[in-house]
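Lifted from Swiss-Prot, the feature list:
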BINDING   GLY109, ALA110, PHE142, ASP233, GLU234, VAL235, GLN236, THR290  pyridoxal 5'-phosphate binding site
BINDING   ARG145, SER289  N(2)-acetyl-L-ornithine binding site
MOD_RES   LYS262  N6-(pyridoxal phosphate)lysine
Amino acid sequence: MLAAPLPSFSTDAFDQVVMSTYGRFPITLVRGEGCRVWDDQGRSYLDFVAGIATCTLGHAHPALVETVSRQMQTLHHVSNLYYIPQQGALAQWLVAHSCGDRVFFCNSGAEANEAAIKLARKYAHTVRHIANPIIITAQASFHGRTLATITATGQPKYQKYFDPLVPGFAYVPYNDLGALEALVASLDQPQPQVAAILLEPLQGEGGVRPGDRAYFEQVRQLCTEKGILLIFDEVQVGMGRTGSLWGYETLGVEPDIFTSAKGLAGGVPIGAMIAKEFCAVFQPGDHASTFGGNPLATAAALTVCETLEKENLLENVRDRGQQLRTGLQELAAAYPQVIAEVRGWGLINGLELQPDTPLTAAEVVKAALAEGLLLVPAGPKVVRFVPPLIVSATEIDMALGAMSRALAHLAA
């Protein structure tokens, strides 16, 4: 494989010209293959970040490399004013493998959630005749960085300094049916105002907190009884990461609308909003995306979808996820003064630190980095493990070994 030419730059020069929106770790990654990446000094790392649950097939997967290379040589972008075969084929696959009927393509999870919010509002106005629709979301949720999606996000730290926020959102504790029922009853007086309930099947950025099956079943019943749309944000958990293709399948509850992005095209930018026919009320001019559904991104995504099936990756996710959780639970037993809980589904798992330990998730991530393992925080006290779905049993064992060494160093 030919290596891409590497621009010559220093991290100091980088920091002088790139806006400071990230707190970066002090390594420069230049190459990847499978579940490994290499820095500019030639050191390799086991990648359990995967671009934050994005590199579904790992790095430089032959099928994805071949598809993207071929598509770039053929046709990489045209306007949605024309029919795009790859887009149609991907939409067909998504509809055939989900509860949805119609697909809107965009470029990211935030854009997909924006599309879902707009669709829910239009449905509320045109079908239910709600003048001022309200969408309920969960506290500690995360739905994106645009103005509407940070408003939907139930974490004030993401909203600070961006007032005035978008009106029409309300918040309840996650997995708390009583609080949700009370809020709906309050908002729907004297007439209905609740247009939709937007939830993550598992809260990712909020600390890797799985949804409670009984709670979601009752939320589904509530929405059906009142005509409220149920929207699932599947951006981080969808495309096989939970061990099912979609997080809603893990819960056994179907939404009316759901969103996908991150892992859908294995690292090529894409987003999708999938809706059931009855609420797919968009008409020409209601919404659009210049790059959404372009031939390159949709060809890549279709290859990811087909590879999930061909390589039986859902079974691998379930097996390797159980192996990882078992190993993390053993580490929790060995370091009870540090680790409070291990939780997750499939290959999205969180290790929560004890509330009284001075250690932060960022410090644990830095210690793991020194041992050649890339991890990512999910809040101040939770370390997140989201490796590529192709991860092997040997690589899980190596990651657990690196974590053991990191914890031993921190506990010393």
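Even glycines carry a Cβ here, placed using N, Cα and C.
Everything Swiss-Prot records as a feature, shown here on the structure.
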residue : record                               : contacts (Cβ under 8 Å, 6+ apart)
GLY109  : pyridoxal 5'-phosphate binding site  : HIS143, GLY144, ASP233, VAL235, GLN236, THR259, SER260, ALA261, LYS262, GLY271
PHE142  : pyridoxal 5'-phosphate binding site  : THR153, GLN155, TYR158, GLU200, GLN203, GLY204, GLU205, GLY206
ARG145  : N(2)-acetyl-L-ornithine binding site : ALA110, TYR158
GLU234  : pyridoxal 5'-phosphate binding site  : GLU200, PRO201, TRP246, GLY247, TYR248, PHE258, THR259, SER260
SER289  : N(2)-acetyl-L-ornithine binding site : ASN80, PHE104, PHE105, CYS106, ASN107, GLU111
THR290  : pyridoxal 5'-phosphate binding site  : SER79, ASN80
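Counting Cβ atoms from all protein chains shown, ALA110 (pyridoxal 5'-phosphate binding site) has 24 others lying within 10 Å of its own Cβ. Under the DSSP three-state reduction, GLN236 (pyridoxal 5'-phosphate binding site) is assigned to coil, being neither helix nor strand. Over all protein chains present, the Cβ of the residue listed as 'N6-(pyridoxal phosphate)lysine' has 29 other Cβ atoms lying within 10 Å.
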